[in-house]
Amino acid sequence: MGTGKTIILVDGEAPPRFIPSTRFTLALLVFFAFIIQYSQRVNLPIAIICMVSRTESTENPLNTTKMISTNIVNDLNRNFIDVPTTTKPILTTIQKRGFLKDKQFNWSELKQQALLGGYWSGYIFTQVPGGWLATSIGPKWVYACSLSTSSVATLALTIMYFMSSTHFILMFILRFIIGVAHGVLFPATIALWSVWAVAQERSTLVSIGFCGTQFGTSLTMLLGGLSCRYLYSGWMYLFLLTSILGFIWLALWVTLTANSPRHTGKKRAISLASIPWKNIATSKPVVALIITHMSNLFGLFFFLTNLSKIITELYGVPSQYTGFILAFGFFLTLVTSLTSGILADALVRSKVMTLTTARKLFNSITSFVPVLCMISLCFCDASRQVLGVITILILLAVSGLGYGSAYTVNFADIVPAYSGVVFGIANTFASLAGFIGNLVAGIVVKQPILEQWRKLFIMFGIVYFIGGLVFLLFGSAIPRKWATFQTNTVKQTKANDEEMMPMNENE
């Protein structure tokens, strides 16, 4: 991956032009890639609201007219419901439109949870292979194969509309495939910036790309809610849109990108056996990074899937407002991710602090502020509704620092040659931890009351604190000697150890 040549900035030398530049264009394409990934990740959790029949035949309060039930089919051989669009319920306040009939499915809660979990069951398997492939064959084609596969599988989900019966297993397999395809993207991104970015720009470039995760989530939530509310079979439009966007992005990506700034030389093909596993396992900064990565994502993954339940069930906020609250929260995550990345790079370039100090500062904020949020949540219920919502917004806001300037960026700092692989390892454990968090929640929380949720808040507060403390004590941004690219140096005049970051820049 690259030509074996490295450029290292001389002390005081200005970095290459950023806007316009190939690096900036690449960052924008990564940004759109993550919009597509997250739109395809969360489209089912949003679409399932209008895919599943939840209404039974009921009467209105005045007993003057009977509401028309959508659950009009009771046939064990058919578990979907086909409602003619010409039949309009009486007293309907919202008129749906569209070219399709309104089709819904009779899925039990167990089947719904299985479908939602199908994505994650595939996602955990390709974290380490994704980093290894990005290092061996180049991140360009890992990205291309990932989103082309997921876009095809997402488009295939629309076949459910045309089937005479619900093939639940087929839908689970398609979601599993989407998860497998998406699992390589984060490790491939870390590997990508290890060769495309200088240390003084890495936070900015990474934060620009990762902003797509929050933007894609917010956008899909809003579009999904609107399509389900105003369109017959609104879930069909959501699957179609998120797959088509993937194909459009693919054409631009293949045309405009390269594996590295110089892509005419030999690729850095490596075998898994050649990776210095012993060094990885015994390096204090690497182990500290993996621990803080797991700790932060353990909490973040759990709350991303349960915040709507907390806001609605525990705080008593009407469900129609929950989507707007979370969309605003994810927007805050986007803002803090981008601004913290730019700020961290500015502080390092102006020599206000070293790269290691910057990483520890922002990682401490993204780890220790959630501890305070957990303490606050321990006292929030429906009687402290406003405080609970504000606390959740603060939690989402500070979580963005991890993506823009803290633990996520640090992999390319300390193990540039193996950053994708090591990130894949950490993300695999973090994803498993997220599963464990949901299992623990299912055991602990039997009723939506503060006394039961408080146990979880205390647990996550402890986990956040441990992750922040370990990185504060042992974290670093200085590359390990055994994890740097073996290259012929074109220009090498070091001002300090933290400027010795590999870069294949040639613009």
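Glycine is no exception: its Cβ is also placed from the backbone N, Cα and C atoms.
The transmembrane segment annotation in TrEMBL covers 18-36 (among others). Within its own chain, the transmembrane segment (18-36) has Cβ neighbours under 8 Å at 143, 147, 151, 185, 189, 192, 196-197, 201, 204-205, 208-213, 215-216, 219, 242, 245-246, 249, 252-253, 256-257, 261, 505, 507, counting only residues six or more beyond its boundaries.
According to TrEMBL, the feature domain 'Major facilitator superfamily (MFS) profile' maps to 63-479.
The transmembrane segment feature in TrEMBL is assigned to 168-193 (among others).
Look at TrEMBL and you will find 205-223 (among others) tagged as transmembrane segment. For the transmembrane segment (205-223), the list of distant contacts is 23-24, 26-28, 30-39, 42-43, 46, 189, 193, 196-197, 238, 241-242, 323, 326-327, 330-331, 333-334, 337-338, 340-342, 400, 403-405, 408-409, 412: same-chain residues at least six beyond its ends, Cβ to Cβ under 8 Å.
If you look at the transmembrane segment (235-258), the same-chain residues 6 or more away from its ends with a CB under 8 A from one of its CBs are 25-26, 29, 32-33, 35-36, 39-40, 43, 46-48, 50-51, 98, 100, 140, 143-144, 147-148, 150-152, 154-155, 157-158, 161, 220, 223-224, 227-228. What TrEMBL lists as transmembrane segment is 235-258 (among others).
Taking Cβ pairs closer than 8 Å, the transmembrane segment (286-304) reaches residues 280, 310, 363, 366-367, 370, 392, 395, 399, 402, 407-408, 410-411, 414-415, 422, 425-427, 429-431, 433-434, 436-438, 441, 456, 460, 463-464, 466-468, 470-471, 473-475, 480 in its own chain, all 6 or more past its ends. According to TrEMBL, the feature transmembrane segment maps to 286-304 (among others).
The annotation transmembrane segment is assigned in TrEMBL to 324-348 (among others). Listed by sequence, the residues of this chain that lie at least six past the ends of the transmembrane segment (324-348) yet keep a Cβ under 8 A from its Cβ atoms are 199-208, 210-211, 214-215, 217-218, 221-222, 307-308, 311, 317, 354-355, 358-359, 362, 389, 392-393, 396-401, 403-406, 409.
Away from its own ends, the transmembrane segment (360-379) comes close to residues 292, 295-296, 299, 340, 344, 353, 387-388, 391-392, 394-395, 398-402, 404-407, 410, 450, 453-454, 457-458, 460-461, 464-465, 467-468, 471-472, 475 of its chain (Cβ-Cβ under 8 Å, at least six residues beyond either end). For 360-379 (among others), the entry in TrEMBL reads transmembrane segment.
Among the features that TrEMBL reports, transmembrane segment is placed at 385-409 (among others). With a cut-off of 8 Å between Cβ atoms, the residues of this chain six or more beyond the transmembrane segment (385-409) that come close are 190, 202-203, 206-207, 210-211, 213-214, 289, 292-293, 296, 300, 303, 307, 310-311, 314-317, 325, 328-330, 332-341, 343-344, 358-359, 362-363, 365-366, 369-370, 373, 376-377, 379, 471.
Remote same-chain residues near the transmembrane segment (421-444) are listed as 120, 123-124, 127-132, 135, 186-187, 190-191, 275, 280, 286, 289-290, 293-294, 296-299, 301-302, 305-306, 411, 415, 452, 455-456, 459-460 (criterion: CB distance under 8 Å, separation of at least six residues from the stretch ends). TrEMBL lists 421-444 (among others) with the feature transmembrane segment.
The annotation transmembrane segment is assigned in TrEMBL to 456-478 (among others).
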- Long-range CB partners for the transmembrane segment (456-478) (under 8 A, at least six residues beyond its ends), listed in sequence order, are 199, 284-285, 287-289, 291-296, 298-299, 302-303, 354-356, 358-360, 363-364, 366-368, 370-371, 374-375, 377-378, 407, 410, 413-414, 437, 440-441, 444-445, 497-498, 500
